[in-house]
Each structure stands twice: as C-alpha cells, then as structure tokens.
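Per TrEMBL, the feature active site, nucleophile maps to A:C101. The active site annotation in TrEMBL covers A:H234, A:E236.
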Amino acid sequence: MEPRIAVLRIEGTNCEDETVKALKAAGAFAEAVHLKQFYSDMIKESEKRKITDYTGIVIPGGFSAGDYVRAGAIFSARMKSVLKRDLEEFINNDFPILGICNGFQVLVELGALPGFEDKLSEKPEIVLAINNSNRFECRMSYLRHENRGKCMFTKGLDNRVVVYPVAHAEGKVVFPKGMEGIYIDRLVENDQIVFRYVDENGDYAGYPWNPNGSIYNIAGICNAKGNVLGLMPHPERVMHEWSYLDCEWSPEGHGDGWIIFKNMVDYIEKL
Amino acid sequence: MIEKVLKKVDVPFPLYQIDIINSDDEMLKAISDELGLSLSVDEMRRIKEYFIAKGRNPYDIELQALGQAWSEHCCYKSSKYYLKQFIFNIESEYVISAIKEDAGVVEFDEDHAYVVAFESHNHPSAIEPYGGAATGIGGILRDVVCMGAKPVALIDPLFFGKPDFPHSVLPKGTKHPLYLLSGVVAGIRDYGNRVGIPTVSGMIFFDNSYLTNCLVNVGCIGIAKKSNIVPSRAGGEDDIFILAGGLTGRDGIHGVTFASAELKETSEEESRGAVQLGNPIIKEPLIHACLEVIEKKLITGMKDLGGGGLSCAVGEMALAAGFGARVFLDRVPLKEPDMAPWEIWVSESQERMMITAKPEMVDEVLYVFEKWDVPATVVGEVKAEKTLEVYYKDFKVYDMDIEFVTSGPEYCRSYLPKKVEVKGEERINPPKDYLRVFKDMLQHPNVASREWVIRQYDHQVRASTILRPLQGRINRETHGDSAIIKPTESWRGLAITADVNPWMTKIDPFWGTASSFDEMIRNLIAVNSKPHSFVDCLNFGNPEKPERMGEFVESVKAMGWMARGINLPCVSGNVSFYNETPHSAVAPTPTLLGIGIIEDIRNAITSYFKRVGSSIVLVGETEAEFGGSVYSAVTGQKSYLVPRTSPERLKTYSDAMLESFKEFKVLACHDISGGGLAIAIAEMCFGKGLGAEIDLRGIAGDAHVKLFSESNTRWIVELPEEDAQGFIAFLMERGCRAFEIGCVSKDSISFNDSNIAFEMGVSEAEELWRNGLSRYVV
C-alpha cells in the first residue's frame with residue numbers, strides 16, 4: 001500500500017514538523033493533522049480527514065494540552081472519545097502506529113500499549129512517571145535494541161546500540177505495584193521489549209545512562225502484534241550523520257533514527 | 001489628594017475625567033503618582049497644554065495611555081540620544097530592517113531572512129521569578145512571530161547575587177539568589193519546552209550587585225521566507241483590526257511603568273499585579289495560527305501586544321502606516337467582566353497579537369484562529385485621519401492625535417564618565433600555591449559547569465541543533481563556544497552566543513564592554529562562523545543619576561567603537577534602566593547576543609580535545625591584564641586594568657583564524673575567557689576526559705600572567721602534530737602571534753614554566769568543575 005502517514009497534533013504537540021520531515025526523508029507521504037480535522041464541524045471540507053485516509057499514524061513529541069494533568073492524558077482522552085473504534089480497527093488491520101516521547105505517553109494512556117490484547121485496554125496498564133531526578137532533562141542516550149523480530153519498526157537493528165536524544169520530565173516506566181515481575185516476564189516472553197537504556201560500554205546502568213529510572217531500563221516497547229511502538233527517546237532528531245557532530249558517536253551511514261521511519265515505510269508498502 | 005480633580009462621568013461603567021487644565025504643578029505631580037503614570041512634572045505640563053488646546057479635560061484612559069507611551073520602556077527617552085549617536089546606522093547591505101520594528105531582520109540567504117529580538121524581563125522576575133521569566137520567553141517569541149518568522153532558538157543570559165549569600169543578612173523584601181535562580185530556570189524551562197523552541201545559549205553570572213535586582217534577559221531567533229516578512233503596521237485605510245490570542249485581564253497592568261522605576265522593599269505587594277501570567281498552551285497554537293495566516297497571505301500587518309498592551313500596539317500600527325484608528329473596547333474578550341476601559345486599554349495580558357487585514361479577508365483569518373482554538377475578535381478599523389478614537393458602549397472615551405501620543409520625550413541626560421582607578425603600573429602578585437588557585441577557579445560558580453541549567457532546557461527540539469551548548473562524550477560533555485542551528489534545508493547555519501563580563505564592566509564600563517564584544521566575536525569565530533550581526537540588551541541603574549548615565553554612555557560608546565570598527569551591524573535591542581534599589585545598582589550589564597553564519601554546518605568546530613598526541617597552539621597576545629578576572633576574585637587582589645582590545649586587532653585575528661580553518665584540519669578550538677588559559681585548557685580536556693601537557697617556557701612573561709590573565713582576542717587550537725608549525729607560520733604571515741604550548745595527553749593536566757610546575761588528574765579536576773554550581777542547587 002501507499003505509505004500515507006498522519007502525524008497527529010493538538011495544542012502543545014511540538015515535534016510534528018521534524019517528524020513529518022523524517023517520514024518524508026524515508027519516502028512516505030506525511031502531513032501534520034490536527035485531531036479536529038477528524039471530527040469537528042467547523043473544519044472546511046478541504047481540510048476534513050478520516051482515519052482511513054492514512055496507512056500509518058505517528059503521535060509526536062511535545063506537551064499535548066500542556067501536560068498539566070498526567071502527560072498525554074488529555075490528548076488520549078480526546079482521541080478515545082472520537083476515534084476509539086477507528087483506532088482499534090486501524091491496529092487490527094495491521095497498520096502501524098508510532099508514539100514518540102509524549103506520543104508514547106499518549107499510547108499508554110490510550111491503552112494501546114502494552115497492547116496485550118487486540119483492543120485498547122480500558123485502563124492504562126503502565127504509567128510513565130516523573131523522572132527520578134524530579135525534573136525535565138535533555139541528553140543523548142545509548143539504547144540497546146533487544147527485540148527478537150516482532151517489532152516492525154526496528155527490523156535489521158539486531159542487537160545494536162543506537163544513540164537517540166531524550167528530552168522529557170515524565171519518562172519512567174512503572175508497572176502496577178507488586179506486578180512488576182509478571183509484566184516484565186510477559187513483555188519479554190511476547191518479544192515486546194524494544195529498546196533498553198545502556199551505558200557507553202553497552203551495559204545496563206543507572207542514572208544518567210538510564211535517564212529517568214525506568215524499571216528494567218525500558219526505553220521503548222511494542223504491542224503484542226508488533227505494529228505499535230512507543231518510545232521515550234527521539235529518533236526524528238537524529239536522522240543524519242551530522243546529527244552527531246558535537247558528540248562522540250559515529251553512526252553507520254544515516255543517523256540512527258532513520259531506520260525506524262524507513263522500516264515504517266517499507267512495512268506499509270508491503271501491506 | 002487628587003479626589004477634587006476627579007469627576008465620575010455619567011456613563012454606566014467606570015470612567016473619570018481629570019481636571020488637569022486647572023491643576024498646578026503640585027497637583028500634576030500628584031495625578032501622575034496616584035494614577036501610577038510615572039510621568040514627570042514637565043511631561044505632565046506638556047499634556048496639560050495639549051488638552052488646553054483641545055478645550056477639554058482628559059479621561060483617565062487617555063492619561064493612562066500617555067503614561068504607557070511615554071515610559072522609558074516604550075519610548076527609550078533616556079537612551080535614544082546616545083544610541084543614535086554611537087550604535088545605530090552601522091552600514092551593511094544585508095540588513096533588511098534594523099531597530100525600527102519589534103525585531104531585527106537580516107538576510108540569511110537569497111530566499112530567507114533571520115529575525116532576532118532580545119529583551120529584559122528583570123523587574124517581574126525579581127518579584128515573581130517563575131512567572132516573570134516564563135512571560136519573558138512568551139514576549140520575545142511574539143516579537144519574532146509578529147514579523148512573520150518561525151522561532152528556531154531561545155537564548156537566556158541570567159544574573160543573580162552570589163549563591164552562598166547568607167540568608168540572615170538578605171535585605172528586606174529581597175529573595176535569595178538560589179530561590180530566584182531555581183524559579184527563573186523553571187520558568188524558562190516550562191515555557192520554552194512547552195512551546196517547542198530549543199533553548200541553545202545563554203549565560204549565568206553571579207555577583208552581589210544583582211542581589212536586589214536579578215537580571216533575566218531573553219533572546220529569540222526566527223527564520224522566515226523573505227516574501228513572508230510582515231510589517232508591524234496596518235496596510236491601509238479601512239483595514240480591520242483583529243485581536244487574537246488569550247483573554248484580557250488585570251494581570252500586567254502598569255508593567256512598563258513598573259519596569260521604568262526603581263524596585264523597593266514594598267514592590268512585591270504593590271506591583272505583583274504588574275507581573276503578567278503566561279500560558280504556553282495558548283502561545284503554541286497562537287504561533288501556528290499566526291504563521292498560517294501569514295503563509296496564506298491573509299493579513300496586512302501584525303504586532304505583538306507587549307509593554308503598554310492595546311494602547312501601544314494600535315497607535316504604533318496605525319501611525320507607522322500614516323493613518324489613524326477607531327477601536328471598540330467593549331468587543332475585547334475579558335477575563336474579568338468589570339474592568340474599566342482604561343484597564344482594558346493598558347492591560348499587558350500575555351499571548352495576544354494584533355493583526356490588520358483587508359475587510360474581505362477577515363472571515364478567512366477568523367477561521368484559521370478558530371481552527372487552532374485561539375480566540376480572535378474584530379476590535380476596530382483603520383481610518384484616514386491621524387487620530388485615535390476609542391469607544392466603549394457607544395461612548396467615545398478617548399480621542400487624541402496619534403502623533404502626540406507616540407511623540408514621547410527624548411532626553412539628553414547629563415552624565416559623569418566613570419573615573420577608573422589606575423595607579424601607575426599595576427602589580428598583581430603570583431599565587432603562593434598555583435594548584436590551589438587552579439582548583440578554586442574550576443569550582444568557582446562563575447566558571448563551573450552549567451549542566452544543571454542546560455539539561456533542563458530542551459536544546460534539541462525542532463531537530464535543527466547542530467552544535468549544542470554541551471559537547472563531547474555523551475553524559476559528560478563540556479561547554480561549547482557558540483551553538484549552531486541549521487534553520488533551512490541548505491547546509492548554511494546560524495551560530496549563536498551571548499556574552500558580557502560584568503566584573504569587567506563594573507570596574508571600567510568602556511573596556512569591560514569592549515572586552516565583552518571581543519568575547520562575543522571570539523565565540524563566533526571558534527566554531528568557524530563569520531560574525532554577521534548582533535543585538536544588545538542594556539541593563540543599567542537609574543539614568544536620572546549622572547554616574548549611572550555615565551556608565552551607560554561609556555558602555556554604548558565602546559560597543560559602537562568595536563562594532564563600527566569591524567563593521568558588525570546592531571540590528572535590534574533593548575534598554576532596561578532602573579535596575580537599582582536603595583541597596584545597590586547592578587553592575588553595568590550590556591549583554592550582547594552575537595550571530596554568525598557558517599557556510600556549511602559540517603565544518604563546525606567543537607571545543608574539546610579529540611586525540612592523544614595532537615598539538616595545542618595558543619593564538620593571540622597575553623598581557624598582565626587582571627581587571628575583573630577570576631584570578632583577582634579568587635586571590636583577593638584588586639586589579640583595575642581591564643583587558644584592552646581594538647577592532648583592528650580583533651578583525652586581523654578573526655579573519656586569519658577563519659582563513660586558517662580552510663587550510664588546516666583543526667580538531668578543536670576554544671576561546672580564552674574567564675580564568676584565562678588554564679581554565680580554557682581544562683574545559684577542553686573535560687569533553688572527552690583527555691589530559692594536556694602544557695609548557696609555557698617558549699613565551700616571555702610571568703607564569704601567573706600566562707596562565708590566568710584574561711587578555712582578549714585569544715584562542716586555544718588543537719591540530720594534528722604535523723600541522724602545528726604550518727598553522728603558526730600561516731597566522732604569523734597574517735600579522736598574528738601563535739605559540740605551540742604542548743600536546744594532548746591521557747590522564748592529567750600539567751602546567752610547566754621556568755619556575756613553576758603543577759599537575760592534576762583530569763577526573764579530579766573535572767569533578768570540581770562539574771560540582772561547582774550544582775553543589776548549591778537540588
């Protein structure tokens with residue numbers, strides 16, 4: 001199918017431009033679409049959109065609606081109220097959804113991740129809690145790719161370490177108290193763990209390598225089908241070799257973020 | 001006392017007429033004071049004459065409008081004379097618009113222009129650090145957006161009292177520097193990060209002259225297609241005024257008059273209402289909507305509502321176009337329904353923009369704003385006659401000639417040039433313990449790592465930051481010299497730096513400012529960019545005091561001398577006076593924001609040592625110049641000799657350096673500033689955890705001068721060993737001096753001279769430097 005990708009925006013999402021650019025660089029048709037364009041009566045005919053206009057969705061980073069409640073809570077509530085059915089169908093029809101940073105928070109609030117079942121869960125099963133440092137932090141982070149093949153966004157990464165920047169205040173993956181082991185086992189068993197924070201030697205490590213205190217050093221996970229990925233770090237910010245000019249890291253060819261978008265496009269083309 | 005000249009007008013809303021025609025000077029003064037106009041008796045007399053000629057008395061709203069328009073903040077009445085004389089009109093063919101509008105507009109390439117604005121938000125931040133700093137960001141973004149530009153970078157130089165100032169002796173009504181620092185940084189963080197504009201540069205400086213007046217300067221750079229640049233004026237007769245953005249409330253009333261007077265003990269209680277409240281989640285869609293109506297060519301003009309609110313925006317937009325305006329105040333959407341007309345007129349509520357559009361475009365403009373859920377309302381129209389009429393519920397509450405309102409006074413204030421103490425040849429002694437001094441410098445709060453602040457700002461959002469403020473090994477970076485942004489699809493980039501050295505300007509405003517200018521240029525050169533333009537934010541004390549005015553004039557003179565000498569245009573700026581309390585005045589603080597152009601961002605040079613064994617070269621000439629230095633601060637020796645410079649020398653070195661970068665494979669470059677050569681070397685080591693072996697025996701002079709003097713126009717350069725001599729010869733041929741002073745090594749930093757030697761492990765030095773500031777904060 002033709003890769004036609006919507007980058008969803010509402011007030012406060014703020015990474016949509018570079019995300020659209022990243023998708024275009026990987027060969028997709030991509031546009032930033034305001035959530036209102038799917039449902040509001042005041043929108044002009046030429047700007048109205050339907051989910052079925054697209055074959056992929058990205059929820060970009062930012063501070064949707066200010067994140068004054070829980071990060072992503074308001075954006076996901078609005079999406080749920082107008083698009084719940086459509087989204088479930090979209091996922092079940094194998095179309096890919098990517099959530100970056102605030103987008104990951106939205107997918108979790110929406111119940112699309114961890115996505116053990118084929119519908120959105122009623123309540124969020126994960127929380128992206130405030131960082132252990134208790135403040136917003138922006139830094140480059142080393143991530144080890146650990147997915148064994150389920151996640152369609154990271155095909156070909158094998159066991160490589162990549163460097164993506166993180167920039168968030170609420171990125172610590174937390175599972176229901178007392179159930180942590182069960183959740184981790186299930187995610188590992190289902191091959192839903194995608195990225196884990198490591199240090200410069202590729203080993204699991206604490207702060208600042210794990211920038212927020214995430215359990216099991218989790219940086220990104222996919223759903224059980226492998227077509228929904230949420231991650232805190234920002235691949236769209238490191239699309240080029242020269243994205244690393246000022247730091248000690250040399251990517252192979254493109255920037256490390258490129259492969260995520262390229263895989264998304266390739267995957268849709270084969271659908 | 002003014003009750004007897006106040007007369008309630010018989011209308012169903014609060015409106016007073018003030019009998020100034022029959023008021024004497026004493027009463028005029030009382031009117032100005034009690035209505036919070038901050039106007040002098042002379043200025044009040046001029047207003048009285050105007051209304052005598054009109055044959056009626058003014059309404060409260062008219063006097064309030066004049067108080068706004070004639071404030072120091074809005075009309076630069078104390079500074080304009082000197083700015084014109086020294087800084088304006090530095091010719092440059094690539095400047096599209098300088099000084100005249102809300103922001104400077106400069107050519108970036110054939111199709112694009114960059115837009116730059118720089119402002120202070122000092123008084124509000126001293127009263128309410130979080131809100132004050134946040135709204136500072138909001139205001140500067142509007143200045144850039146209203147020109148039609150997309151913001152791409154924020155810059156925040158901040159100045160506070162010393163972090164270890166004892167609580168017990170804080171002057172009454174003053175907040176502790178650490179409380180202010182945390183609040184200001186949080187305000188910038190929460191606003192800047194939420195609107196999604198990277199904060200890439202700035203500075204933090206601690207000095208007790210800022211104890212009762214912290215300074216918060218905010219700068220913003222945007223990029224626009226040249227064809228999209230929007231003037232801050234109406235397009236023509238019958239154009240419609242549309243007010244877009246947040247609701248209008250009582251927050252921010254008298255913000256500009258408050259900013260144009262000294263702070264005092266009771267300022268908090270009296271002036272809290274003058275601090276506006278910010279909401280980045282209105283601002284973010286407001287930016288999108290404004291840029292959309294510009295891109296679709298739906299509007300004729302746009303101006304942000306900043307100081308003075310509607311009062312200043314409407315008048316200036318109409319006058320600049322050569323027209324008048326008619327405004328219907330009851331159409332303005334309000335936060336509080338019972339506001340008096342004058343309050344609506346001068347409110348400085350945030351996130352508002354004034355737009356003019358042709359009548360046939362109005363519906364389309366309103367649709368775009370509605371789509372973004374941003375309120376937008378038609379509030380008036382442009383008319384041919386050059387008067388401004390304001391109606392409230394069909395009653396004309398305001399009718400004045402625009403030219404009178406906007407013709408603020410201009411003063412040539414008297415001043416006393418500062419006498420700098422120089423007692424013959426100055427003798428600054430070497431330290432007893434070099435290593436101790438080196439350690440004290442590394443952990444000095446004005447030198448130590450700024451990581452605690454920088455990481456709280458998203459410096460990578462928009463994915464166009466090429467050189468970040470932190471460079472080197474991931475998670476253990478060092479400071480860079482300038483940030484670089486790649487604003488378009490081409491390889492061309494913008495280098496950005498903010499600099500001032502208040503310790504130097506405090507001793508000697510002229511040479512201190514010249515040194516700050518030199519540092520700005522050095523930082524731009526260090527990353528391989530060509531200096532292109534600059535803007536200034538001039539923070540000074542009370543201009544009515546001749547010695548303060550003297551500091552201002554000396555500083556502006558130096559800036560003009562340097563800028564004209566190297567032909568660098570000043571394209572915008574801001575003057576902030578009255579940064580003074582009975583306790584103290586701020587050190588003269590002419591903060592400079594420098595912008596350079598790098599032709600290809602892939603040739604950017606970073607600041608940290610790359611490989612063991614490569615050569616280290618010192619470029620420039622070192623003199624015993626310790627005035628305002630970190631060395632004089634940590635050794636407690638008073639020095640009055642602030643480093644000298646000259647535009648000719650600076651230009652010779654800058655040109656030669658840029659030329660050399662084309663010829664030689666330069667691995668790293670860093671400018672020498674606070675702490676001198678020793679600190680520059682240490683910072684270059686920290687980026688990758690490498691060491692350095694420095695041998696200064698090849699250079700004449702005393703060891704402590706070579707190590708710690710802060711002479712201008714100097715850099716440290718790292719080159720492959722085989723290139724060092726060729727590089728030095730290349731510079732010498734162009735009239736510059738350069739010396740090979742050592743090589744990059746592994747684990748320790750060592751300094752050698754004929755009589756002294758000291759050494760320190762890199763990780764030990766790094767720890768002092770990393771914790772020097774963060775030890776004070778949580």
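Every residue, even glycine, has its Cβ placed from backbone N, Cα and C.
The two recorded residues, A:E236 (active site) and A:C101 (active site, nucleophile), have Cα atoms 11 Å apart.
Same-chain residues at least 6 positions away in sequence with a Cβ under 8 Å from that of the residue listed as 'active site, nucleophile' are, in sequence order, A:C15, A:P60, A:G61, A:G62, A:V166, A:A167, A:H168, A:G171, A:L231, A:M232, A:P233, A:H234. Within 10 Å of the C-beta of A:E236 (active site) we count 30 further C-beta atoms, all protein chains included. Within 10 Å of the C-beta atom of A:H234 (active site) sit 27 other C-beta atoms, taking all shown protein chains into account.
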